[in-house]
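Everything below concerns the one structure shown next.
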């Protein structure tokens, strides 16, 4: 599968490294969290807030839903800018809050401003930075930190860092809840990905190289919504192809009007929405879409189907959908003659001048 | 401005009717809420959840931020489907919850299923339906209801119903918080729109008829994010033009890669993000975008600017951004020879067969 022309693509190598980085992530977070958790004051009314920008916001969106589902604590995702510009409308003020601030580099301006804002203005908030670098600026500005430097990346686009930080946050939730079943499943992810990664890559290549498809829609519900957003962002960053992301049932409320010959729908389905999938696929086929579905069960009527994590429950399965979406963006970029490592108009870290 | 060919468009008439419907909305909600509020048990740890599908989800997103900002209570927006398929990850379980379920028709399947799910499974939740019809199915399935039948619509797309339900929910927040300043501002919205509506329409027509622009991006932060999403959905439903919506600072984290000659950025800016607007506009101009900005202050470098609600604070100003966005979609549809009242692939109410 690996072609000569792409042998040195950082993006390709970082996607392909995920069985390794996921295993290291579980080891790293289990030891770091064992040290960190006893230092936190957690009360029954603690709220959790997940803060990020871009890809890190999509980690935040998925992590917040996973966290609330596993722990029962109220959990929210907030874009970095809305913390320091709109805290009254976004960050709970009447409860103790633990805020995870997510930034691969640990230097994103908005993540730093969010950390500074909370430290200066919100005594009810304890901040924990989570990064894929060691000893960053964010580490200095948050009360605590989680560091996953093994998931560091050379590429502009985030791939293994997305899944590694998501898995780490799911581990934290399971650890807080004492949910050994979820911890065991998270620990097994690396093995499942190792088993399936070539099949995910092969299907992603087939879909990415199909240039008859020129409009992509990513659908995910609940914890999968952030994954759909991230799949969409990967393709958008790397190829500038017209693409969008929605909750699958929301998609019928308006956006389905854009589907036509040439539209590909990438459906990330879990167990919770299984009863609603058949009629959705029927509706999508009726308006002319190509349907590529990813789920832990077969889906009739799909033009392409990936069996993903049938051994897993919905929350721990999340990361396993991502390599297919990442390879899809990668192969589309390569087939368009673009450099996946260096997207148009973008740099590795967004730094703002006010 | 009103052309012969569009004289009988329901969409046009419903957009244009907003000074009237907003005034009636304030009258209706003030009397309905005065009757409803004493029947509710509200404690300091009550959480508010706003549930909707499609346009109603975007009302929910804006309303949740407005609510938390005005009242200080933790407030969340949840898509209807995630209530009945993923409640554990979305609806707080440890607190008393007041859930507003938003549906113009009062018959949307997912809104009804959400109401039924909460009634059957969550004794901590009190449901309040909000509709633009009287005595609907939703009214029967929620504990309480707010009915705004004067904002009923003949068109498939929602325009005055969006702003009317949003204004009603802002009124409720202000009433709960005893915030007379916000109530006064909400009560004045009709007058401000009456004053400015022809100017909003004229600029929307100019922009909508500019067929050199074929990619639209709507940007809004905090309470304005739901408005940007709704502006985007209006254009998408009515024209199928390539369009997207983001938080303005998030847009730099990846999606800006798609901007090119022919991209129009519609920036909805408030007072809270004012310091960050100039550098954003500079960045957008650098990558070749046409920038149409709407704000209560002038914005240098904009290709088009609308002065919106300079007398108002950020939350009560929300509704006033919408008529421009609605007219923009309308005029683009007309200039493409499409019928704005009857979008492709859509019907007035989404009803599901499981």
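Glycine is no exception: its Cβ is also placed from the backbone N, Cα and C atoms.
Remember, predicted model here, so these are calculated numbers, not experimental data.
According to TrEMBL, the domain 'SIS' annotation covers B:36-183 (among others). The average pLDDT computed for the domain 'SIS' (B:36-183) is 97.
Per TrEMBL, domain 'SIS' is recorded for B:203-343 (among others). Residue counts of the domain 'SIS' (B:203-343) by helix, strand and coil are 66 helix, 27 strand, 48 coil (DSSP-based).
Broken down with DSSP, the domain 'SIS' (B:36-183) shows 74 helix, 28 strand, 46 coil.
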